[in-house]
Structures are given as C-alpha cells and as structure tokens.
Amino acid sequence: MATRRRTLLKVIVLGDSGVGKTSLMNQYVHKKFSMQYKATIGADFVTKELQIGEKLVTLQIWDTAGQERFQSLGAAFYRGADCCALVYDVNVLRSFDNLETWHEEFLKQASPSDPKTFPFIVLGNKIDVDGGSSRVVSDKKAADWCASNGNIPYFETSAKDDFNVDEAFLTIAKTALANEHEQDIYFQGIPDAVTENEPKGGGCAC
C-alpha cells in the first residue's frame with residue numbers, strides 16, 4: 001500500500017518587534033503564553049503537523065526579527081515560502097501603518113512567481129489589552145487595508161487568551177496548501193522554464 005505523502009509548507013510571520021509574533025506561534029504550537037518579552041534575534045522556526053482533508057501537512061512557521069537591522073536576512077529566509085502572515089498590534093498604530101512596508105519587503109525579498117496572487121494573511125493581535133480600551137486600529141480600518149491589497153484574509157487574535165489563534169493558522173495552512181497546489185500545476189505546465197530563465201553565461205541550456 002502506498003505511503004501518503006507528507007506536505008511541507010513554509011510560512012513566514014512578519015511584523016514590527018513586540019506585536020506578538022513569537023507569542024502567537026508558541027500559543028499555536030505549544031499552547032503556552034509568557035508575559036515576558038524576549039526579542040527574536042535573526043530568525044527561528046517551529047513546526048506543527050495537521051490533517052487537511054486527505055493530506056497530512058507539516059507547517060514550518062518562520063519567526064523573523066522585526067528590527068530593521070535584520071531585514072537583510074530576508075532573501076534567504078523568505079524564498080520558498082507558501083504563505084506570509086503579517087502581524088500588527090491593534091493598540092499600536094505604527095505597527096499597522098508598517099504593514100505596507102512588510103508586505104512590499106516580503107515580495108521584494110521572496111520574489112514569488114506571481115506577486116499579485118501570492119497568499120498573505122493579516123493578524124490584528126493583542127485585542128485583549130485593557131479589555132479593548134487601548135485599541136487604536138479599528139477592525140474596519142484593517143479590513144479596508146486587506147480589501148485594497150487583494151482581499152487578504154483578516155483575523156483579530158489574542159495570543160494571551162488563545163482567541164482565534166487556531167482558526168487563523170488553519171486558514172494559513174489551507175491558503176498555503178492551495179498556493180503549493182497551484183505552483184505544482186504551474187511548473188508542470190512549463191517544463192522548460194528553468195532553462196529559459198538561465199542567466200547569461202550561466203551554462204548550457206541544451
């Protein structure tokens with residue numbers, strides 16, 4: 001009997017420092033939350049297996065530092081991604097305003113075959129803070145931004161309260177899986193694409 005193929009999906013989580021990227025990942029994978037803040041240095045990843053329909057999927061979720069000095073690490077870590085999650089803090093306007101920068105940075109570094117259709121998801125995190133009274137970014141403002149950038153799926157989350165975390169990452173997994181499937185079809189249809197894109201002087205294309 002044939003062994004079922006395990007699908008590995010690479011997901012990149014981006015956003016300003018302190019928006020809760022690591023906390024969301026730890027809550028999703030380990031069901032743990034810590035009030036202590038520890039900045040991510042460079043990049044790290046966690047994995048989680050889940051079943052989507054008939055397929056066994058391993059999510060490889062990359063946590064990258066939000067500090068500008070680490071953005072140069074991007075190209076190596078972003079390439080090969082199947083989905084990108086953009087995270088902001090609903091209580092910090094700057095983190096929301098910077099979504100545009102992170103969105104552009106990812107597309108620039110990852111160089112997906114079709115930037116217009118590459119799947120993103122937006123997470124508005126920390127909705128639990130002060131019972132919501134500290135909030136400065138409305139759900140409408142976030143939804144409008146997502147709509148104007150290709151109808152990106154949007155979730156409001158709380159890593160602390162474990163609110164919408166599983167739902168958000170399940171959508172990420174399904175979106176990444178759909179993108180991987182489309183890529184498979186795309187590459188099967190153009191078997192000569194590699195030789196056509198060979199840099200000049202880079203070898204024989206025969």
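Positions of Cβ are set from backbone N, Cα and C atoms, glycine also.
From a predicted model like this one, the values you see are computed outputs, not experimental measurements.
What Swiss-Prot records for 15-22, 63-67, 125-128, 158-159 is GTP binding site. Of all Cβ atoms in the shown protein chains, 15 besides its own fall within 10 Å of the Cβ of GLY18 (GTP binding site).
Positions annotated as motif 'Effector region' by Swiss-Prot: 37-45.
The feature S-geranylgeranyl cysteine is assigned by Swiss-Prot to CYS204 (among others), with similarity to another entry given as support.
The S-geranylgeranyl cysteine annotation in Swiss-Prot covers CYS206 (among others).
Feature annotation from Swiss-Prot assigns cysteine methyl ester to CYS206.
Of the listed binding-site residues ILE127, ALA159, the Cβ environment within 10 Å is emptiest of other Cβ atoms at ILE127. GLY18 (GTP binding site) carries neither a helix nor a strand DSSP state and counts as coil. A coil conformation is recorded for ALA159 (GTP binding site) in the three-state DSSP classification, outside any helix or strand.
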